[in-house]
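Listed in Swiss-Prot:
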ACT_SITE  Cys50  active site, nucleophile
BINDING   Thr49, Cys50, Asn51, Arg52, Ser109, Glu114, Gly115, Gln116, Gln120  substrate binding site
BINDING   Gly198, Ala199, Gly200, Arg201, Met202, Ser203  NADP(+) binding site
SITE      His99  site 'Important for activity'
Amino acid sequence: MHIAVVGLSHRTAPVEVREKLSIPEELVEKSFNNLKKIDQILEVSILSTCNRLEIYSLVKDPQLGIEAIKSFLLQFSGLDDEILSPHLFNYVQEKAVSHVMRVSAGLDSLVLGEGQILSQVKKMVRLGQDHHSLGPILNRLLTQAVSTGKRVRSETNLGTGAVSISSAAVELAQLKLGQAHGRDQLMTLETEKVAVVGAGRMSRLLLQHLQSKGCCSLTLLNRTKKRAEDLSAAFPDIQIDCQLIDELDSCLSLSTLVFTSTAANEPIIDAEKLIKIDRKPLLRLIDIGVPRNISSDAKSVSGIESHDVDDLQEVVSRNQEARQKLALEAEGLIEEECRVFLEWWDSLAAVPTINCLRSGLESIRKEELQKALSRMGPDFSARERKVVEALSKGIINKILHTPVTKLRAPQSRNDRRDSLDVIEKLFNLDVSSSLNKPKNN
């Protein structure tokens with residue numbers, strides 16, 4: 001068995017490729033079912049965010065398992081192999097373990113130390129459990145990854161002052177406004193006519209950061225007005241005009257700055273729409289949706305300044321050097337957590353031998369106990385029989401305690417294999433045969 005991860009991220013693929021592998025809510029169950037049907041996969045879960053799609057799995061054979069997952073990704077995306085494959089990465093065993101720990105800690109994020117990824121890793125664990133696709137190995141790994149993410153944020157300064165995708169989007173708007181006035185600095189958004197399209201979690205974060213940057217009024221559009229009004233109620237200090245998304249054209253004509261973050265699978269704003277409406281001289285569009293809410297052809301329209309999630313790098317790079325230094329604090333913790341998991345993983349190699357040894361001694365115990373009880377005759381009470389049986393079990397447990405503890409203790413793989421060989425020879429254990437025995441139901 002091998003732990004493997006196959007996927008792509010903002011580091012390996014542009015948004016136009018990533019959006020092809022964004023799994024919408026309605027296709028999550030089907031995706032899990034298709035992955036579970038793959039013979040090579042023993043356990044599996046999916047991490048899907050705006051910046052990454054990663055399949056974590058326990059596979060029988062690493063090469064065959066990775067190829068099977070790659071085939072799933074090709075089929076799901078509809079992309080040709082020569083287009084998708086250059087953007088995919090895969091890690092096995094130690095590298096896969098290290099990767100998920102780093103992802104959960106925010107070390108692999110566009111914004112180092114951002115907190116939202118931890119919630120997304122938690123969701124990956126929950127999805128795997130809900131779809132009954134996690135077994136003891138992957139459940140242990142992903143649960144420990146969540147704990148590692150929490151530990152990094154509580155024991156280091158990496159999470160302090162970390163920006164998110166939403167805050168980076170607001171900062172990008174401030175930066176572009178400053179540059180338009182000939183200044184390489186962030187400017188307040190007080191005078192901007194702002195609109196936010198979408199009322200989900202990312203939009204909530206957008207509103208938080210817009211409020212902190214001086215925005216005191218905006219238009220909020222959503223497919224259902226009630227959800228927009230519920231979100232608006234959480235921000236009483238901002239004057240929010242809630243509208244249905246049907247009013248998008250009107251909103252675009254009145255706004256100077258529009259943020260989009262919807263779950264739409266197709267663009268809701270394109271060049272054709274922008275050309276038709278009567279707009280302000282300059283309209284800034286910032287799209288943090290994946291798949292993209294704004295078509296790439298919007299950039300070709302005069303008076304339109306359009307940005308997507310990949311453009312956030314301009315903002316992130318401004319304070320990345322300082323955050324890289326903070327990331328060094330987390331690396332030691334991640335190495336420690338990886339070592340703990342891998343030691344546990346290695347200790348599993350002893351389980352078949354331990355079970356075989358325990359089974360052999362248990363057979364001897366039962367056989368000898370039966371002989372002894374038969375010699376005691378009918379005068380031996382049921383209570384006395386229980387005492388003798390408990391005594392025999394206690395002796396077996398005492399005999400097993402030291403070798404089992406030694407076999408499970410952290411040690412090199414070669415040392416563990418040597419210890420297992422000695423035990424198997426001394427007790428004449430046929431571990432391979434015991435593994436192939438059918439289980440009693």
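Every residue, even glycine, has its Cβ placed from backbone N, Cα and C.
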Sequence-distant neighbours of Ala199 (NADP(+) binding site) in its chain (C-beta under 8 A, six or more apart): Leu220, Asn222, Thr224, Arg227, Ala228, Asp230, Leu231
Of the recorded positions listed as Cys50, Ser109, Gln120, the one whose CA lies nearest the CA of Gly198 (NADP(+) binding site): Cys50
Whole-number Å value of the largest CA-CA distance among Thr49, Cys50, Asn51, Arg52, Ser109, Glu114, Gly115, Gln116, Gln120, listed as substrate-binding: 15
Conformational class of His99 (site 'Important for activity') under the three-state DSSP mapping: helix
Chain-internal residues near Ser203 (NADP(+) binding site), provided their CB is under 8 angstroms and they sit 6+ positions away: Val196, Val197, Leu220, Leu231, Phe259, Ser261
Inter-residue C-alpha distance, His99 (site 'Important for activity') and Met202 (NADP(+) binding site) (nearest angstrom): 25
By Cα-Cα distance, the member of binding-site residues Gly200, Arg201, Met202 nearest Asn51 (substrate binding site): Met202
